[in-house]
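Peer 1: Sharing a structure below in structure tokens format, with a few things to ask.
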Amino acid sequence: MKCSTFCFWYVCKIIFFFLSFNIQISIANPQENFLKCFSQYIPTNVTNAKLVYTQHDQFYMSILNSTIQNLRFTSDTTPKPLVIITPLNVSHIQGTILCSKKVGLQIRTRSGGHDAEGMSYISQVPFVIVDLRNMHSVKIDVHSQTAWVEAGATLGEVYYWINENNENLSFPAGYCPTVGAGGHFSGGGYGALMRNYGLAADNIIDAHLVNVDGKVLDRKSMGEDLFWAIRGGGGENFGIIAAWKIRLVAVPSMSTIFSVKKNMEIHELVKLVNKWQNIAYMYEKELLLFTHFITRNITDNQGKNKTTIHSYFSSIFHGGVDSLVDLMNKSFPELGIKKTDCKQLSWIDTIIFYSGVVNYNTTYFKKEILLDRSGGRKAAFSIKLDYVKKPIPETAMVTILEKLYEEDVGVGMFVFYPYGGIMDEISESAIPFPHRAGIMYEIWYIASWEKQEDNEKHINWIRNVYNFTTPYVSQNPRMAYLNYRDLDLGKTNFESPNNYTQARIWGEKYFGKNFNRLVKVKTKVDPDNFFRNEQSIPPLPLRHH
């Protein structure tokens with residue numbers, strides 16, 4: 001009996017030693033173990049395609065930085081991935097998930113790299129980036145008016161290929177052509193057609209998602225709850241989106257636009273803004289009228305640097321010049337819109353015009369510019385967003401605009417963007433994005449700058465603006481938009497047992513009453529919280545399952 005007990009103890013000790021040794025080896029060499037695991041997912045017939053980049057690879061930094069759109073996150077101290085995977089197909093995504101789980105690495109998934117807080121390519125723990133640049137096909141079915149869009153496609157590529165197949169079809173998504181479809185669609189995604197057709201996420205009819213077990217799911221196999229969650233609730237919370245099936249929408253053969261600049265004192269400008277905020281959301285959905293204000297540094301007659309504000313009122317109208325001018329003169333005569341202020345453009349040229357890649361006086365638009373994934377000049381930036389449910393008083397509006405003159409602004413911009421139209425008709429719970437009826441407009445606060453040593457100064461400026469506007473925007477909670485992610489709203493401490501309580505603070509700002517349903521979906525499909533970040537949807541603790 002004694003011998004048996006001793007032998008059992010001795011054998012257990014040996015087993016424990018080898019298990020501990022293997023665990024230590026695994027922990028000590030997560031990159032090596034990941035690569036060994038992942039090698040089985042690399043096809044033997046692919047010789048020229050580069051799928052894997054490690055920190056010793058000569059192209060590692062160029063691949064990493066190529067789609068980092070916010071230069072705040074390119075410093076030497078920014079956490080870097082152990083490995084970057086650029087999958088060619090879904091099997092490589094499956095392999096990355098399974099191997100990352102096996103060796104204890106986190107995953108960040110990057111489509112276009114526009115995450116405002118860099119969370120598609122930054123983690124505070126050892127991690128792998130899945131960079132979807134190679135998965136960017138857009139397959140159009142004109143007959144059914146649908147398309148399959150791989151998650152690595154940019155909005156520019158989506159618009160280009162739809163237009164190539166049919167000039168009277170498009171898709172309701174954002175303005176910036178280098179934004180990736182993977183993240184944009186899964187966070188909501190709004191743009192020029194929002195008041196006509198809703199968000200990008202409102203027009204998704206199927207998806208391919210790779211889940212925590214490495215299985216590829218479509219709408220039928222994932223079920224309606226998970227399909228609901230990934231359309232506005234952040235697909236990265238539940239897996240990796242490989243592709244979306246989207247519903248295409250009708251657009252006019254020609255649209256009419258104007259973008260008029262107003263040079264006037266702020267007190268006079270605010271009178272126009274006040275009129276705008278009371279009528280823009282009430283227009284018929286065929287008219288989008290928005291306004292924005294941007295700082296410009298100029299040199300005055302004495303050679304001194306001076307900050308000035310350029311103010312613009314801009315439109316997209318589904319109709320002709322005469323109809324637009326007549327409508328504006330009746331409803332907003334203070335703007336003084338004339339025929340000479342207007343341009344008639346095809347829909348694809350309208351997209352290019354407002355993409356920011358051409359100037360106002362351009363007379364010829366080459367749509368191939370939408371295929372350029374480089375994004376042009378980049379800068380460091382910070383962005384916040386608010387929803388406005390009642391008119392901001394003129395005195396407060398004066399102070400808000402005057403903040404653009406403050407020393408620490410860098411290049412500052414405020415955009416006032418109207419809601420209304422079909423957005424008033426869609427239920428708050430139709431998808432996780434809850435911002436619908438009752439919202440007059442949203443405000444974007446943006447600061448951009450060149451030097452990384454100025455980061456804190458400019459970030460503090462935008463925080464001060466945000467704090468000032470607190471009494472004038474949505475309340476209880478102060479709502480926010482997932483695609484303009486803001487870590488100032490809160491972060492989850494994964495060591496804390498109160499993940500849900502922490503996440504609820506910011507979760508209800510992004511998702512309102514939909515947050516709890518997202519938590520239930522997360523608990524069901526990823527109970528161990530493998531897909532996580534500082535603002536991910538948490539699963540409920542085991543006792544609450």
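Cβ coordinates are placed from backbone N, Cα and C, and glycine is handled just like the others.
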Peer 1: Look at the disulfide annotations in Swiss-Prot and name the partner of Cys37 from this list: Cys3, Cys99, Cys176.
Peer 2: Cys99
Peer 1: How far is it from His292 (substrate binding site) to Asn499 (N-linked glycosylation site), counting Cα to Cα, in Å?
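Peer 2: If we compare the Cα positions of His292 (substrate binding site) and Asn499 (N-linked glycosylation site), the gap is 38 Å.
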Peer 1: Specify the count of other C-beta atoms within 10 Å of the C-beta of Cys99 (disulfide bond).
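Peer 2: Excluding its own Cβ, the number within 10 Å is 24.
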Peer 1: Out of Cys99, Asn168, Asn297, Tyr417, Tyr484, which of these recorded positions is nearest Asn65 (N-linked glycosylation site) by C-alpha distance?
Peer 2: Tyr484
Peer 1: Using only C-alpha positions, which one of Cys37, Asn89, Cys99, Asn168, Tyr484 is spatially nearest Asn467 (N-linked glycosylation site)? These are the recorded positions in the record.
Peer 2: Tyr484
Peer 1: Other than its own, how many Cβ atoms are within 10 Å of the Cβ belonging to Asn168 (N-linked glycosylation site)?
Peer 2: 15
